[in-house]
Each structure stands twice: as C-alpha cells, then as structure tokens.
Amino acid sequence: MVKHSEEGFLQLAMIRSVGLLVGAALATQLPLPGKNALGFLLGGAFFQYLYFFLLSRSYRALDYGTAYPIARGVTPLMVATAALLFLDESLAPLQITGILLVTCGIFALIMKELRVSGSGILYSLGTGIAITGYTIIGAAGVRSVANPLSYVAWLEILSGGGVIVAVLLTRPLKGLAFARANFLRSSLSGVLATGGFGIALWATSMMPVAAVAATREVSILFASIISVVLLHERFSPQRVVAALIIFCGIGTLAVA
C-alpha cells in the first residue's frame, strides 16, 4: 500500500495515527510504565522512526515482494544474536533449527534479487537492523515494567506522535486531503499493524524474543500473496518452495 501511494509519508502517518489513538485510549486506563522504562521507550521510538525511513527507501528501489522479505529475513538471526549478547537469552536446538529454516526460506524467496539491486538491498538490510533494534529494546522494556500493555501503549503514542507532528509541520493541507481520501483503507492497515506489533511485543515478556521475532515472519507469506494478488508481481516456483520452507520453520518453532 505504501509503495503505490503517491505520498508514502502521509500513508505512514495515517497508519501510525491509529496506533496513537489506540495507545492514548489504553494509556488513560493503565498505570504509567515508570521512570525505568523511559530510556527503553525513547530508544524504541528512535528505531521505529529509523525503520519507517529505511523501509520507504527500500520500496523505491525494490518491489514490495522483495524489499519486505529482505528486511524481515535478516531479523531472526540478528535478533537471536542481539538477545544472546544484550539479554543473556539462549535458545534450544529446535528453536535454532526453526529460526534457520525461516531465514533460509526468506533468502530463497529473494535470491535472484540479491544479484540485481545494490542500493535496494542495502536499504532493506538497514531496515532489518532497525527492526532488530526496536525488537530488542522493546523486549527489555516490557520486561522492565509491571504492566507490559502500558509500555506498548506509550510506545505507540511516541512512535505515532512524532510522525503526525512531522506531517502537521511540513504538509498539513496535503495531510488532511489524503486522510479524507484514504480514511477506511488506512484505518484498516493501522489496526492490523498496531495489533500485530502490540501482540508481538507483549509476547516477548513471556517468551524468548528470538522465537517471537521468527514467528512474526509468517507475515512474509502474506507479503508474497499481496505482491501477486494486489500488486500483480510474478509468483515463481522458487517463491512457492521458499514459502513452504518458511512455513516449516514457523511450524518447528511452534512445537519447540
């Protein structure tokens, strides 16, 4: 959706505004996260802004069905490594197997493209680093508070608020016109994005963060379907096999 939007930044602002509203509604009903969570919230918001920027750049250089899998594909191994270094979190052999299967499947999905677009690959890899950053910081953050949902709410407020303020300062009239023309579609995207991120972040308070990050890569399967059905990109036999490998990896994590 962001790829086909004439104003990708405005589309992003619309999606994030849903997160802001949800976060604000939850924040009024929950206790404050506490002072010890402030650094995690600011760090998480920073990496989210970096993610938004790099992902939009990736979509300019690569098709949606390639840029998104690269960005998500490097994440499981990066998160597993970072979790071991910063959270002292180790994995069982079956969990490692599942993560490796997911990673191999994702890179099989975009193997041809790796030999084609240098700048797009770099932006997508950078996006993966940003995802790793906000995932690790988010996991540490939700574990530092009594109520993980309170942390999620305030992170949504910070990450959404910054984007919306930027729109109001740089293009308020265009933003209003875009909101009127794309309200329903953007609202649905915002609900899905906010719900998916919130659930994953909450899950890291109870599960190994690397396992949660890898399980989230089921979104790659949906990305491939969207790229074919809505964006009319080719779904080759290579993509079919790769999708099956990803599915096997996620299944392995589910039983680990």
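From the backbone N, Cα and C atoms, a Cβ is placed for every residue, glycine too.
Record features, source TrEMBL:
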- 12-31: transmembrane segment (TRANSMEM)
- 37-55: transmembrane segment (TRANSMEM)
- 67-86: transmembrane segment (TRANSMEM)
- 92-110: transmembrane segment (TRANSMEM)
- 119-251: domain 'EamA' (DOMAIN)
- 122-145: transmembrane segment (TRANSMEM)
- 151-170: transmembrane segment (TRANSMEM)
- 182-203: transmembrane segment (TRANSMEM)
- 209-231: transmembrane segment (TRANSMEM)
- 238-255: transmembrane segment (TRANSMEM)
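Residues 1, 5, 11, 14-19, 22, 138-139, 142, 148-149, 151-152, 155-156, 212-213, 216, 219 of the same chain sit 6 or more residues outside the transmembrane segment (182-203) yet have a Cβ under 8 Å from a Cβ within it. In this chain, the transmembrane segment (67-86) lies in contact with the transmembrane segment (122-145); the count of Cβ pairs under 8 Å, excluding pairs fewer than 6 apart in sequence, is at least 3. Using a cut-off of 8 Å between Cβ atoms, the transmembrane segment (37-55) and the transmembrane segment (151-170) share at least three residue pairs, counting only pairs 6 or more apart in sequence.
Residues belonging to the domain 'EamA' (119-251) score a mean pLDDT of 86 in the model. Beyond the ends of the transmembrane segment (92-110), by six or more residues, the same chain brings 66, 69-70, 72-74, 76-77, 80, 208, 210-211, 214, 217, 220, 224, 238-239, 241-253, 255-256 to within a C-beta distance below 8 angstroms of the stretch. Helix, strand and coil counts under DSSP for the domain 'EamA' (119-251) come to 113 helix, 0 strand, 20 coil. With Cβ pairs under 8 Å as the measure, the transmembrane segment (151-170) is packed most heavily against 12-31, out of 12-31, 67-86, 238-255. Within the chain, the transmembrane segment (238-255) has long-range Cβ neighbours (under 8 A, six or more residues past its boundaries) at 65, 94-95, 97-106, 108-109, 111-112, 211, 214-215, 217-218, 220-221, 224.
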